[in-house]
Amino acid sequence: METLWFVLLAFMLTVYVVLDGFDFGTGIVYLFVARADEERRALLAAIGPVWNGNEVWLIASGGLLFFAFPRAYAAGFSGFYLALIIVLWLFILRGLSLELRSHFDQPLWTGFWDAGFALASLLLAVVFGAALGNLIRGVPLNADGYFFTPFWTDFLPGPEPGILDWFTLLMALTTTAILTLHGANYVVMKTSGETARRASYLARQSGWTVVVLTLVALSVVPFVQPTIHNNYDAHPIGWTFPLLAVGGMGLTIWAGRHGQEVASFGGSSLLIIGLLAATAWGVYPNLLTATGGASVNSLTIDNAAASPHGLTVGLGWFCVGIVLVALYSVSVHRMFWGKVPQRDLASDRR
């Protein structure tokens, strides 16, 4: 039962990154591919109907973690307290930028919120990438299963690392590059004209950056976390996930060159799915890995889980909730599928 809840948690977080990832990516490329006001309104119209719904997956993932693995929830939210406060404020800035930009048609007003949207999107990608690096590298858990991590110590992974070191910064850069590619593919799929042309060029350039950074990151992971390959050695079927990521990367590069917009976006989605699934396969059964060789302090799906009865009863409620969330997400994305129509740009002016 604990393994099932681990899979469900990984699934929901992966869906969140794929969906809200193109929102982040759109924000990252926003100031580069959209230069005129109408072009920027086109990008905002592309994500406007879906961005808040995409974040439901993050909230639901947090709720699932709280319910199924309360010890990991408590340790993670207390240990990463400072980082989580920053994430909260960045989400607030991003939401305000999306909602308030069109209230006044003044260059100073719109320029301020444009910068806020781009900055918040970029920093959220960086923070979530660093968070992924921390999950892979591990955190300094004590015997009680708690920890507190400063932002940095000496920028070297070790028994008492900070949130930021050279490895987590590498993961942050890699994640930012991947979401830039994902967002650029989404912009190409949703817009036309010069905006789509610039986004297509940026997607092609960022694609090779993703390849280089991903290869570098994968090459150093075994040195930072030597146990990451244990599950792959024991169960080689797990190599399906890295191969899925490679296939997704190849698809997005090929499709981008041949003008296949939907296929290119699908390729970057498969890249994200493959990499996150590969990470989950590598860290299982750990939710939070202890650094410094103190593996006995690690929080796993066994010692961090709720009672078996609670997990069994909760599974029924989860099925109901996930169906509702999935139906909402699918219906909204289907409703607003395709290029942004010009009437949406006209209605954006208030």
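Backbone N, Cα and C define each Cβ position, glycine as well.
According to TrEMBL, the transmembrane segment annotation covers 6-33 (among others).
Positions annotated as transmembrane segment by TrEMBL: 42-67 (among others).
Residues or ranges marked as transmembrane segment in TrEMBL: 73-92 (among others).
If you look up TrEMBL, you'll see 112-136 (among others) marked as transmembrane segment.
Residues or ranges marked as transmembrane segment in TrEMBL: 166-188 (among others).
Taking Cβ pairs closer than 8 Å, the transmembrane segment (208-225) reaches residues 136-138, 157, 167, 170-171, 173-174, 177-178, 181, 245, 249, 271, 275, 282, 289 in its own chain, all 6 or more past its ends. Taken from TrEMBL, the feature transmembrane segment applies to 208-225 (among others).
Annotated transmembrane segment per TrEMBL: 237-255 (among others), in sequence order.
Same-chain residues lying 6 or more positions outside the transmembrane segment (262-284) and placing a CB less than 8 Å from one of its CB atoms are 3, 6-7, 10, 13-14, 17-18, 21-22, 132, 135-136, 178, 181-182, 185-186, 188-189, 203, 210, 214, 225, 228-229, 231-232, 238, 241-256, 301. Marked as transmembrane segment by TrEMBL: 262-284 (among others).
The feature transmembrane segment is assigned by TrEMBL to 304-330 (among others).
Of the Cβ pairs linking the transmembrane segment (112-136) with the transmembrane segment (304-330) and spaced 6 or more residues apart, fewer than 3 are under 8 Å, so the two regions do not touch. When the stretches 6-33, 42-67, 304-330 are ranked by Cβ pairs under 8 Å to the transmembrane segment (166-188), first place goes to 6-33.
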